[in-house]
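Taken straight from Swiss-Prot:
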TRANSIT   1-23  transit peptide
DOMAIN    30-108  domain '2Fe-2S ferredoxin-type'
BINDING   CYS64, CYS75, CYS78, CYS92  [2Fe-2S] cluster binding site
MOD_RES   LYS84  N6-acetyllysine
DOMAIN    108-147  domain '4Fe-4S His(Cys)3-ligated-type'
BINDING   HIS124, CYS128, CYS131, CYS137  [4Fe-4S] cluster 1 binding site
BINDING   CYS176, CYS179, CYS182, CYS226  [4Fe-4S] cluster 2 binding site
DOMAIN    245-301  domain '4Fe-4S Mo/W bis-MGD-type'
MOD_RES   LYS467  N6-acetyllysine
MOD_RES   LYS499  N6-acetyllysine
MOD_RES   LYS709  N6-acetyllysine
Amino acid sequence: MLRIPVRKALVGLSKSPKGCVRTTATAASNLIEVFVDGQSVMVEPGTTVLQACEKVGMQIPRFCYHERLSVAGNCRMCLVEIEKAPKVVAACAMPVMKGWNILTNSEKSKKAREGVMEFLLANHPLDCPICDQGGECDLQDQSMMFGNDRSRFLEGKRAVEDKNIGPLVKTIMTRCIQCTRCIRFASEIAGVDDLGTTGRGNDMQVGTYIEKMFMSELSGNIIDICPVGALTSKPYAFTARPWETRKTESIDVMDAVGSNIVVSTRTGEVMRILPRMHEDINEEWISDKTRFAYDGLKRQRLTEPMVRNEKGLLTYTSWEDALSRVAGMLQSFQGKDVAAIAGGLVDAEALVALKDLLNRVDSDTLCTEEVFPTAGAGTDLRSNYLLNTTIAGVEEADVVLLVGTNPRFEAPLFNARIRKSWLHNDLKVALIGSPVDLTYTYDHLGDSPKILQDIASGSHPFSQVLKEAKKPMVVLGSSALQRNDGAAILAAVSSIAQKIRMTSGVTGDWKVMNILHRIASQVAALDLGYKPGVEAIRKNPPKVLFLLGADGGCITRQDLPKDCFIIYQGHHGDVGAPIADVILPGAAYTEKSATYVNTEGRAQQTKVAVTPPGLAREDWKIIRALSEIAGMTLPYDTLDQVRNRLEEVSPNLVRYDDIEGANYFQQANELSKLVNQQLLADPLVPPQLTIKDFYMTDSISRASQTMAKCVKAVTEGAQAVEEPSIC
């Protein structure tokens, strides 16, 4: 296994000028012709035998090879014969040469695979009936297709002690075939060197050397890439077989990236969550919170409507009674006496329905929990609050300036993209804010926001780096905008971005200014005209307050008049429900077909995987029923009609998996000059500094026992490091 600096040096060597490289390609096409089982195929120079075979649809068996990891070539399962070559070659590691005829199904190739498979199975235990990998195991499939029908191994099989690497990944290391996929993933994708090998030959083992937790926010992905049952999910252990589950394609709402997922369910219960391929967002990875927090969907759920009685206690009631009480209050108060706050997990359909309902009572006090400055361009220009370069676009950047953010825990898949570009494209990264572990090296410019002024004026040394960059990115974390000087920070970043565009070699299509959001609902709420932050409610306390999934604790009972009537609509009894006078149980993201917009402005849909528990209903349906009882019926009855209304208000919300370019950067910069606010000297400190802060950030993950175990394991691990044993 090559260390990262060595690998980066080798990558640099591979980028030699073409004049210094001897090639067999023709000058006209730069492609070379090879043959796969007699079938001609044209490929790029440097293409491996395995890639050439896949190009014509020929599948080569493999265990260690993975297209997103470096080539190890140590399982030897991909051995194929090259015509006139003395020996078989490893298809994953051997570059093709002009005129080669690759024989994938020759007797020599088959014999080689059978021999490799026999060696792999010699020490492999017969655990298939009790192995969680059963039914989706590469070793099972390939031994059936390419292996022999009997073994000649008569000696005793070896046994390996299992490793404890945390509460998420279960290890049965006797099943390990030493493909090193997990080691390469940890080192290359996750940026953590916790995993490695010890011993050699028959005594070789994969582990952490000393017993410790695999400290990564992406650790669950080693379960997916493990070709055997050596690494499986601890929470999922012995619960279901893959052929028993129903799979629903959906998206994740634990952060603002919008990772694509597959929800596996059985008998109306979420059994597990797996990643779904999307090259422009999450590739084929997901974060541990996305993967393992699903048990929070079953705990602390609101399943029936509740009202507060004369004694001040919340008691169960019927939908008719609960909606009638709320309708009565909406009929009694109008205008500024009615307000609403939308939480971080709310879908666009519910947001537009609530907006229409409050507009019927002449109120426009619709707020989000997350603050975004309204001074200057504010939220009037969409480019002002999006990740304009896009998530995949970071792979084209040559310089990234991070401001007040820790993307490793606020947006793990975006951070993985930055690491990927840093590793393969020599990306230069700089950070303004508290020093954090980002899994890649960066220049720490300091933690004071006043550094932004120095960069904007050109007096800071990093100004020259940005000026010389061809595709620079400035990424401002939304957490930095929660400060009292958020408007000044946004104006300073906007000024830097515009000056870079004017003075460097940035082309017209490249976008410099980027906002990295943390919560799933924020972009859709801003698109629909919600006011960011609850300052308007604090200044003018309402008589009726509607909390739509608002569990961030941005407002408390003490902030409101004693006679304020609070309605909470959501799916968990978390922060908002205990202060409410009426509770309306809603549906979680796995229980409804809903629209969410990620930080880059891409609209995506969740799908119904299970039905809501008890009497809970979809949020927009509750609001629609409430409007009818209150005598102000909203003009839609079906989901399609709600989405037609979404299209009227903001057409981009129904253009799924599409990103609309936003280019009003110059106008935003001109308006930012009108901001009359000074930068504070307080350091920029992101709320999620360590992995302990990553696991429990919303109502679902806070209800998850698995996430609580992670916090406990990380805390105990940190204490063990701080307080070493006397022995």
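Backbone N, Cα and C define each Cβ position, glycine as well.
Recorded features from Swiss-Prot, shown on the structure.
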residue : record                          : CB count, 10 Å
CYS64   : [2Fe-2S] cluster binding site   : 23
CYS75   : [2Fe-2S] cluster binding site   : 23
CYS78   : [2Fe-2S] cluster binding site   : 28
LYS84   : N6-acetyllysine                 : 7
CYS92   : [2Fe-2S] cluster binding site   : 25
HIS124  : [4Fe-4S] cluster 1 binding site : 22
CYS176  : [4Fe-4S] cluster 2 binding site : 24
CYS179  : [4Fe-4S] cluster 2 binding site : 26
LYS499  : N6-acetyllysine                 : 19
LYS709  : N6-acetyllysine                 : 17
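In sequence order, CYS128, CYS131, PRO227, VAL228, GLY229 constitute the residues six or more apart from CYS137 ([4Fe-4S] cluster 1 binding site) in its chain with CB-CB distances below 8 Å. Between the CA atoms of CYS176 ([4Fe-4S] cluster 2 binding site) and HIS124 ([4Fe-4S] cluster 1 binding site) there is a gap of 8 Å, rounded to the nearest whole number. The recorded positions near CYS64 ([2Fe-2S] cluster binding site), taking a 10 angstroms Cα-Cα threshold over the set LYS84, HIS124, CYS179, LYS467, LYS499, LYS709, are CYS179. Cβ atoms within 8 Å of the centroid of the Cβ atoms of HIS124, CYS128, CYS131, CYS137 (the [4Fe-4S] cluster 1 site) belong to the same-chain residues PRO125, LEU126, ASP127, GLN133, GLY134, LEU139, GLN140, ARG175, VAL228, GLY229, site residues excluded. Put simply, of the recorded positions CYS75, LYS84, CYS92, HIS124, LYS499, the one whose Cα is nearest the Cα of CYS182 ([4Fe-4S] cluster 2 binding site) is CYS75. In this structure, the C-alpha atom of CYS226 ([4Fe-4S] cluster 2 binding site) lies 17 angstrom from that of CYS92 ([2Fe-2S] cluster binding site). One way to see the shell of the [2Fe-2S] cluster site is to take the Cβ centroid of CYS64, CYS75, CYS78, CYS92; the remaining same-chain residues with a Cβ within 8 Å of it are ARG62, PHE63, TYR65, ALA72, GLY73, ASN74, ARG76, MET77, ALA90, ALA91, ALA93, CYS179.
Working note on the binding-site residues CYS128, CYS131, CYS182: by count of other C-beta atoms within 10 Å of each C-beta, CYS182 ranks first. Summary of the [4Fe-4S] cluster 2 site environment: with the site residues CYS176, CYS179, CYS182, CYS226 set aside, the chain residues having Cβ atoms within 8 Å of the Cβ mean position are ILE177, GLN178, THR180, ARG181, VAL206, ILE222, ILE225, PRO227, VAL228, ALA230, LEU231.
Around the Cβ of LYS467 (N6-acetyllysine), a 10 Å sphere holds 16 further Cβ atoms from the protein chains shown.
In the three-state DSSP scheme, HIS124 ([4Fe-4S] cluster 1 binding site) falls into the coil class. The binding-site residues shown are CYS75, CYS78, CYS92; of these, the one with its CA atom nearest the CA of LYS499 (N6-acetyllysine) is CYS92. Within 10 Å of CYS179 ([4Fe-4S] cluster 2 binding site), judged by CA to CA distance, lie the following binding-site residues from the set CYS75, CYS92, HIS124: CYS75. The Cβ of CYS226 ([4Fe-4S] cluster 2 binding site) has 25 other Cβ atoms within 10 Å, all protein chains considered.
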